[in-house]
Structures are given as C-alpha cells and as structure tokens.
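Notes follow once the structure below has been shown.
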C-alpha cells in the first residue's frame, strides 16, 4: 500500500482509533519522564546516602546539560532523522538506564561514597540523552496530529510525576518500620519504573504506528514532504512515495526553515522557556532544602513534591475545555510573566509561613505550570504543514529544556549565604 491509496486518507479513517491513540500517548508520556521523576521522588533516599552532595540539585544539574546539548543537535538535524529509530532509541536507553540504577544499588548494597555517587550521575546523564531523543521526537511527531494526542502525551508526562509521588508515599508508609525499609521501598519503586519503560518500547514499536488515525496523519505529513515518518509508515505497511514526489512537485514540498519558524513563534518559545525557568528554580531543590522543618517531618518534602505533581497533572486536562483554554499570544505571555511573583511568595512563606501556606503555593505552582504548558504546545503548531509542525515541536522542546537548565542553575541561588555549601 502507498500514500497514493485514497482509502488511507479518506475522512472516515481519521477518527478511527482516536481514543486508543490518546491512551497510548498518555502511557508514552508517562514513560518519557517516569525514570527521571523516580530519581526526584526518591530524593530522601539519596539525601540519606549522600547528605553532603546536594543530590536533588546536583543530579538535576547533571541531567539538564546532556538533555539540552543532545536536543540542540537533534533539532539541527531534525528533517533528516528517522523518528521511529529516534523514539525507540530513547525509550530503550531509558529502560537500560533505569535497570542500571537498580543493579548499581543492588551491587553496592546501598552504600554511599563518592564512587557510587559518580555512577549515579553517569546514569542520570544517560537519562538526559534519552529525554532529548524521546520528548523532542514525540512532541514533533504529535504536533502534526490532532491536539488531543499531544495533550494526552503532556498529561502522561505530568502523570509520571503524580504516579511516582503516590508510589513513593505508599512505599515509604509500607516499609517505614521495616529493617532498611527506605531502601526496600526504593528498590520496588525502580523495578516498577523499569517495567513501564519496557511497556513503552512495545507500545511505540507495535501498537501506535498501526492505529488508523496515526497512519492517516503520518501519510498526510509524508504527502506534504516529511521524510521523518517513512519508517513508521513502513511499520504500518504503507510505502511512502514522498521522495519521488519531491522532484515532481517541489513547490508543494517547500517548507519554512527552522530560523523562519523560530522568529515567527518567538513568543511561544519564550513562553515555554520562562515557564520552566521559574518552575525549576523552585522545584525540586528549594522544596527539599529550603522549606525548613515542620510537623510532617521527613514526609514534608515528599508531600510537597506529590502536591505539585498532582496539580500539574490536573491542570493539563483543563485546556480540553475550549472556553477556558488560553489561546491569545498576548494573554499567554502575560500569564507566563506573572508567575515570577511566585519567587517572593516562596521566599517569605519559607521564612515566615506555616506548612499549609507552602502546600497551597506549591499547588498553584503545579497548576499554572501544567495549564500553560499544554496551551502553548497545542496552540503553537496550528496552521503549518506537517514537516513544519514537526520542526516547530522540536524547537519548542528545545526551549523548554533550555528553561529547565536555566531554572536548575538559578535554583542554587536559594542556598547562597545560608551555610549549606
């Protein structure tokens, strides 16, 4: 079968498998961050092993440069990259790295020390590379499909945080009184994360490309000149003729360059950058190290992380209600800039406020982060051809990762002068 087959691109086919696709996208989103969120959520365990090494801050600072540098390379070569190989490589690397984290802890019997810390940092660097492969590849791929797919994927990203937080609270409660209970909970936690990564490999390789609606959108993108979908179409039993058509109809296959897409969408790109600069300057380092001691004791940081993740997840479903979805470019920029009021709010709450006020602030941080992320990533690609939407999706993720990296670096400012260096 080829893309010339009209049965593939007929209107009725477009809706078949939509809800199945949304479920698969949600699970793929979950797998895209479950390994990294596992690292963040078991921070209390690493603080016990490496109390002098600021694990939540250092591991995040290790993760982000590898993710950002890899993503920059992938964005530059986006039009020539096989999306199927890219995403499968990313999910496989996530699976192997998560399993390696589990094996490392078992091999060292949960010992501390600089050598083990360096090993963990190396695994975290692999997480960063895998994130760039998967997140950019998936967002680019889903940008030329229906908005519900990318919303489901983004909800899955947030669900990974909510799920890992919930599991961490359960395992902490279940093993708290057991001998070496904290470590046992972490082992179970990492085993579950490894399973989810393996599930994502199977779903992306064998289920997602064969959904009729996915075949429709990828066939349409190939007809518009996209070369990145050829392997996925082949996996679905469709042979693309886009290469041959490029010579016969070169004008149709012309697309905007990355530079043109960048300047046409610079406000959206800046929105994502600033959203994550603010969020990562507070989450998770500030929540672990700068919120003081309260009645919740060792549960306090875990509860704050869980609250953030829960509200971030809920907020990513709000844009499904069209009436309250923010689409105005000016409105998105105003909302993004207004979030920087969180900085003085968190500072004074940590210094003078009770834990209830901090929990409320963290909930608003997660709510605004999830809502604005979905609004920007679903609105920005509209109106472009398939290859352009894929390229723009990759650019958006690059700016998101740049925001994450900058936010992680700024997070260290919270501990200057307080004797924690």
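The first residue you see is number 1, and the count goes up from there.
Positions of Cβ are set from backbone N, Cα and C atoms, glycine also.
A TrEMBL annotation is a machine prediction, not a hand-curated record.
According to TrEMBL, the protein carries these features:
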- 21-38: transmembrane segment (TRANSMEM)
- 58-76: transmembrane segment (TRANSMEM)
- 88-108: transmembrane segment (TRANSMEM)
- 114-134: transmembrane segment (TRANSMEM)
- 154-175: transmembrane segment (TRANSMEM)
- 187-208: transmembrane segment (TRANSMEM)
- 268-287: transmembrane segment (TRANSMEM)
- 299-319: transmembrane segment (TRANSMEM)
- 331-350: transmembrane segment (TRANSMEM)
- 356-380: transmembrane segment (TRANSMEM)
- 392-415: transmembrane segment (TRANSMEM)
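Most Cβ pairs under 8 A with the transmembrane segment (331-350) among the ranges 88-108, 268-287, 356-380 are made by 268-287. By the Cβ criterion (distance under 8 Å, sequence gap of 6 or more), the transmembrane segment (21-38) is counted as touching the transmembrane segment (114-134), at least 3 such pairs being found. The transmembrane segment (268-287) shares more Cβ pairs under 8 Å with 392-415 than with any other stretch in the list 114-134, 154-175, 187-208, 356-380, 392-415.
Long-range contacts of the transmembrane segment (114-134) within the same chain, counting only residues at least 6 positions beyond its ends with a Cβ under 8 Å from a Cβ of the stretch, are 31-33, 35-36, 39, 46, 49-50, 53, 55, 58-59, 62-68, 70-71, 74, 86-87, 89-91, 93-94, 96-97, 100-101, 104, 108, 401. Counting Cβ pairs under 8 Å that are 6 or more residues apart, the transmembrane segment (356-380) and the transmembrane segment (58-76) reach fewer than 3 and are not in contact. Between the transmembrane segment (58-76) and the transmembrane segment (392-415), the number of CB pairs under 8 angstroms, six or more residues apart, is three or more, so the stretches are in contact.
Through the fold, the transmembrane segment (187-208) approaches residues 21, 24-25, 27-28, 30-32, 34-35, 38, 41-42, 87-88, 91-92, 94-95, 98-99, 101-102, 105-106, 164, 167-168, 171, 214, 235 of its own chain, all at least 6 residues removed from its boundaries and within a Cβ separation under 8 Å.
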